[in-house]
């Protein structure tokens with residue numbers, strides 16, 4: 001009898017504990033903090049599968065704890081999210097190759113337009129804006145024009161990408177028939193190649209995520225080296241130290257712990273931007289207006305195009321974001337004010353910083369600050385970079401695992417998870433190898449601007465300019481007005497030219513840098 005009583009009390013205590021945790025986590029999810037975990041558009045990079053499964057699980061946990069039968073054990077709300085062996089393993093195959101889970105359902109947490117705008121702002125106002133003054137250095141006023149032009153184009157392509165999610169039914173009503181960027185790509189390639197488009201998007205997504213991880217390692221080594229130039233530690237050594245700190249990322253089971261720091265990191269970055277602008281304004285009398293001209297550096301300006309485009313990348317998570325909004329009709333308005341704000345802030349930041357240091361402007365603008373405040377600002381930025389690294393890393397791992405190891409009968413390799421949901425040893429080895437790969441790239445090509453320009457020219461232009469306009473023409477060309485067709489074709493052509501030009505020049509610079517480092 002006593003044993004039975006203790007068992008019931010234990011079950012009740014566990015139920016109350018799980019219920020309270022679920023309510024707290026569900027509250028943060030409804031506030032949008034679960035979604036706003038990264039300012040470089042990687043929190044939704046894997047189509048919001050993890051986030052939605054986690055939040056739907058929390059809702060199930062609450063319902064089970066409140067309305068379940070007496071003595072029944074509560075459901076573990078995030079078994080798909082954690083994969084820690086406490087529940088059944090995750091589904092073996094998604095709906096399509098790399099596709100998203102169904103976004104419709106009852107009890108799904110929704111976010112407001114303001115919360116959605118916060119997510120987009122995190123994506124396009126991240127720490128990579130620190131490279132924009134360097135773009136002005138090689139582009140002058142044309143660089144400023146490109147900051148405005150990129151904002152307009154990315155806002156437009158974001159809207160037409162969402163339009164590709166909808167079609168008219170037999171009753172003439174516009175309904176959502178697709179859930180993700182991958183679904184749109186697959187629809188464009190069907191029926192001959194039903195999964196080709198999704199695989200192309202997944203490859204571009206993985207490249208962008210891994211390159212983002214590399215950029216975090218590069219910027220960490222660069223900032224630490226320039227903060228303490230008197231120490232007998234090279235930039236490569238600082239990168240190795242940063243990677244040693246990041247190695248535990250290979251053991252990540254979920255992003256709960258990391259996401260707790262996302263809001264503080266974003267706020268800290270805004271404070272740093274304000275400090276840089278305040279310092280520049282204090283030297284307004286010495287601004288070099290004569291240095292800003294209508295000229296371009298033919299060899300380096302294409303790299304600047306990639307830098308500017310990369311700072312606006314957010315399209316990959318927009319379908320999931322729009323599907324999570326309480327009122328999707330507010331999406332267009334949200335895109336307008338977020339990109340207008342980004343355009344103004346980025347333009348002012350880049351121009352004011354360049355006017356302050358002119359030809360002395362460095363790849364990472366904080367390296368131009370006086371030594372008295374540079375170390376403090378850079379340490380905060382390094383901390384932010386290290387805390388942000390797990391997000392693109394975890395997203396890249398999830399895409400790789402789903403595409404190569406968990407895609408049902410179409411998987412290329414055996415499942416890297418055991419029957420109990422635990423990660424196998426060789427799967428952990430692959431994760432560690434990915435961390436080491438980001439280190440090797442950061443060591444051999446420690447050039448922030450070149451890597452950022454290459455990524456922006458290759459995947460940024462493709463995901464933000466080329467593919468949305470192409471998909472829009474392919475899926476909705478019969479219903480488009482002539483000016484929409486003109487805009488789509490113009491964006492595709494201009495984006496293609498800029499992408500190819502920027503990619504070639506960035507690749508040439510990287511090859512030269514790689515040879516130089518190999519000789520050293």
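For all residues, glycine too, the Cβ spot is worked out from N, Cα and C.
Predicted automatically and left uncurated, TrEMBL annotations should be read as such.
Of all ranges given (79-106, 107-134, 135-162), TrEMBL attaches the label region 'Disordered' to 79-106. Between the listed ranges 186-205, 206-225, 226-245, TrEMBL ties the annotation transmembrane segment to 206-225. Each of 142-166, 333-355, 428-445, 485-504 was scored by its Cβ pairs under 8 Å to the transmembrane segment (451-473), and the highest score goes to 485-504.
The stretch from 142-166, 206-225, 301-321, 485-504 with the most CB pairs below 8 A to the transmembrane segment (333-355) is 142-166. Counted over residue pairs separated by six or more positions, the transmembrane segment (428-445) shares at least 3 Cβ pairs under 8 angstroms with the transmembrane segment (206-225), which defines the two as touching. At the 8 Å Cβ threshold, with sequence separation of at least 6, the transmembrane segment (206-225) lacks contact with the transmembrane segment (485-504), having fewer than 3 such pairs.
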